[in-house]
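Novice: Grabbed the feature section from TrEMBL, which reads as follows:
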BINDING   ILE22, GLY64, VAL65, GLY66, LYS67, THR68, GLU69, ASP280, GLU347, ARG419  ATP binding site
DOMAIN    53-358  domain 'AAA+ ATPase'
DOMAIN    361-457  domain 'Clp ATPase C-terminal'
Amino acid sequence: MLDSAEFLTPAQIVAELDKYIIGQHEAKRHVAIALRNRWRRLHAAPDMQREIVPNNILMIGSTGVGKTEIARRLASISGAPFTKVEASKFTEVGYVGRDVESMVRDLVEQSVNMVKLRRKEEVKAQAAQAVEDLILDILIPPVTNAAQPAAKPALGFPVAAPGEMPDSDHELNERTRERFREKIRNGELDERKIEIRVQHTSGPGISVMGGPGGMDEASMAGIQDMLGSMLPKKTRKRKVTVAEARKILLDEEAAKLIDMDEVKDEAIRQAENAGIIFIDEIDKVASRSGKGGGGPDVSREGVQRDLLPIVEGSAVNTKYGIIQTDHILFIAAGAFHVAKPSDLIPELQGRFPIRVELQSLTKEDFFRILKDPKNALTKQYEALLQAEGVVLTFDDTALERLAEIAFEVNSEVENIGARRLHTVMSRLLNDILFDVPDRIGPNAHILITRELVEERLRDMVRNRDLSQYIL
Ligand SMILES: Nc1ncnc2c1ncn2[C@@H]1O[C@H](COP(=O)(O)OP(=O)(O)O)[C@@H](O)[C@H]1O
Ligand SMILES: [Mg+2]
């Protein structure tokens, strides 16, 4: 978290990114500095905090070289709310389509989810206790005085005064309850069916329609929420196992224990100070011909003009409250094969002072991408087959050949960067994935050799001009 004193240093951030992303050292250094700067800002003198603006970053690089991955990992390393949007999906205000402010609302939504999750984690123990009591009450209802039937005068011996009962019954009940509490705890009753009440909002689904020129999304969502909360919260009976009941009730009890107003405030604060918005395909809204002309260029420029106030800092209305966008970190990315960064309107260029070019990946990079990252494709497939009890291993020479093939297909068909590795790997392993466990039983050990790669990918290599249809 950004507030934590032991926040990662730039070098540590790069080291974390290195676990997932091969190469791209320039880009890693820049994002590491940007991230640390946010921590620095929050620990700077209060009167300066407002003045320090983030140095937004423009990443320039072809598809599949790691732009999105770097931004995404950066967010997860720091536990920051993150959202990714494609600039080309937006249309100018007043046109049908998504307005640019929706990205800020998405960010806040993410932030709310994160804070809610964190708070639920904090109250988990307390909620679990409450759930245990609820389940226990269903299994062995407590003997309360009120629950006692009226005195039984017909029996002809002294009865307890109304509202009392013999101590021994109380004790017996208590002892039984404690025994069952123990059983619930150690899972002995997990399979037992019980009936619980679960909450659900009744009534037909209400949706508020809006359109161009109508209410903005935030007000619509607000009204929708309000209508939702006005409907009676009905409960419904369900027969479930104790194990299932524990899961269902835990969520309900945890929700009761967290203060949603506090969650909203904290979520807005987190989004404002730690939020990261990744704007992909920014080059698609840069107009090459520039001035005048009309047509799509005008609307592209309109999107840029709409982006400007958000990136410069403005207040955006969301259903959780108003968020100030001044200190959100924006990372924009694009291939810029046709348009150039200088084709963006100058005001927007000025808001992305840090430009970093990502390198095209080499054969050697591909080899390392297959092998080294924590989430490397080879490791993913190994884990999938591990689940079937099958051991999969790759020879380095096989990986070298795979990297080479991916690289060649990229240069001759279409350069999709490291994404090509996904298609090459799935091509290589598809038959094996189909044959396990029917034809290749558990305890098998499959070694992927260079020869096997040659054999399986022979067509792909031979028919390069066809491979665009094959892949
Ligand atoms: N430098 C890299 N190191 C490791 N994996 C990478 C690298 N570049 C791309 N990838 C992988 O390729 C895929 C696409 O990467 P992505 O970051 O989405 O590319 P883009 O540059 O188009 O945003 C992801 O699965 C990602 O993990
Ligand atoms: Mg991308």
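Placement of Cβ uses the backbone N, Cα and C atoms for every residue, glycine included.
Those TrEMBL annotations? Automatic predictions, nothing curated.
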Novice: As a check: which entries in ILE22, VAL65, LYS67, GLU69, GLU347, the binding-site residues, place their Cβ less than 6 Å from an atom of ligand 1?
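Specialist: Going through ILE22, VAL65, LYS67, GLU69, GLU347 in sequence order, those close to ligand 1 turn out to be ILE22, VAL65, LYS67, GLU69.
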Novice: If you count the C-beta atoms lying within 10 Å of each candidate's C-beta, which of the binding-site residues ILE22, VAL65 ends up with the smallest number?
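Specialist: With the binding-site residues ILE22, VAL65, fewest surrounding Cβ atoms within 10 Å: ILE22.
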Novice: With the Cβ under 6 Å from ligand 2 as the test, give me the qualifying entries from the binding-site residues ILE22, VAL65, LYS67, GLU69, GLU347.
Specialist: LYS67
Novice: Assuming the binding residues for ATP are exactly those in the record, ILE22, GLY64, VAL65, GLY66, LYS67, THR68, GLU69, ASP280, GLU347, ARG419, what is the maximum CA-CA distance in angstrom, rounded?
Specialist: 34
Novice: Going by DSSP, is GLU69 (ATP binding site) sitting in a helix, a strand, or coil?
Specialist: helix
Novice: Which ones in the same chain are close to GLU69 (ATP binding site), with CB under 8 Å and 6+ residues apart in sequence?
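Specialist: GLU69 (ATP binding site) has long-range Cβ partners TYR20, ILE21.
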Novice: Which chain-mates of GLU347 (ATP binding site) that are at least 6 residues away have a CB under 8 A from its CB, listed by sequence?
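Specialist: Within the chain, GLU347 (ATP binding site) has Cβ neighbours under 8 Å at LEU308, GLU312.
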Novice: In this predicted model, what is the average pLDDT of the domain 'Clp ATPase C-terminal' (361-457)?
Specialist: 94
Novice: Restricting to the chain of LYS67 (ATP binding site) and a gap of 6 or more, list residues whose Cβ falls under 8 Å of its Cβ, or answer none.
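Specialist: Listed in sequence order: ALA27, MET59, GLY61, ASP280, ALA333, LEU358.
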Novice: What does the DSSP secondary structure composition of the domain 'Clp ATPase C-terminal' (361-457) look like, as residue counts for helix, strand and coil?
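Specialist: Helix/strand/coil tally for the domain 'Clp ATPase C-terminal' (361-457): 60 helix, 8 strand, 29 coil.
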Novice: Please classify the secondary structure at ILE22 (ATP binding site) using three-state DSSP.
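Specialist: DSSP call for ILE22 (ATP binding site): coil, neither helix nor strand.
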